């Protein structure tokens, strides 16, 4: 089985099991050794499969502990057994302009956002909705094929998007993201606010700050209550948090390397030019003409 076909199948299996599985469990669906399966996943890269060594925990499932393990806080820190966890990652996104009726065709999915959240008022009579509920339209088929996702059914695609696409994340409080107050920003509702008090740039995968004064924690007591009230999937938000933390670390590392490269290139350039070169690099500025003095 070619890697592309195999990766499509592995994504399908992962999304059929909530978007993440332990490597050993995933191996039960393919006739490959653990070493060969791990090699396939690594070749595909973290833009397709995120692999993490996490500590195995006893007892009931705990969302906050799951996030902590995904961030590396639990991997081996307690001295217990560890296992490799695999998460399905994708660049597939819903087209935001299509939601507003402004796009006829692009490289993103043209699907009703509310339908993918299971909240479209027209879900029982989808033909009355102005937005598509069909993942198999020509545009959507082309997008899915280009990303190796064509074999997914609607439920599996929903799982994949919920843990990757910021468009499907619950509404973030815009007022919280303004102002100098670290705890509430400009949000006057404070603890009574029914929107997420998290960094909107982090959710979008664009936050350049490390550390950031806004919260990057999507899973805690207050947000768990919001998720429960809005009947949203805690498991999908846990996955979204783990993938977002990875993306934030990757972005921060890239920015650090860019800053380091810029700081080292400038002295090297001046060193090669020497003093004369440094002078020649300056723009030529004509001397200011002096006005003649009046006779005494």
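Glycine residues also receive a Cβ, built from the backbone N, Cα and C atoms like all the rest.
Under the heading N-acetylalanine, Swiss-Prot lists 2, citing similarity to another entry as support.
For 111-136 (among others), the entry in Swiss-Prot reads zinc finger. Sequence-remote contacts of a segment are chain residues at least 6 beyond its ends whose Cβ falls under 8 Å from one of its Cβ atoms, and for the zinc finger (111-136) they are 94, 98-99, 101, 144, 152-154, 157-158, 161-162, 167-168, 232.
In the zinc finger (198-219), the DSSP tally of helix, strand and coil residues is 4 helix, 0 strand, 18 coil. Look at Swiss-Prot and you will find 198-219 (among others) tagged as zinc finger, backed by sequence analysis.
Regional average pLDDT for the zinc finger (198-219) in the model is 93.
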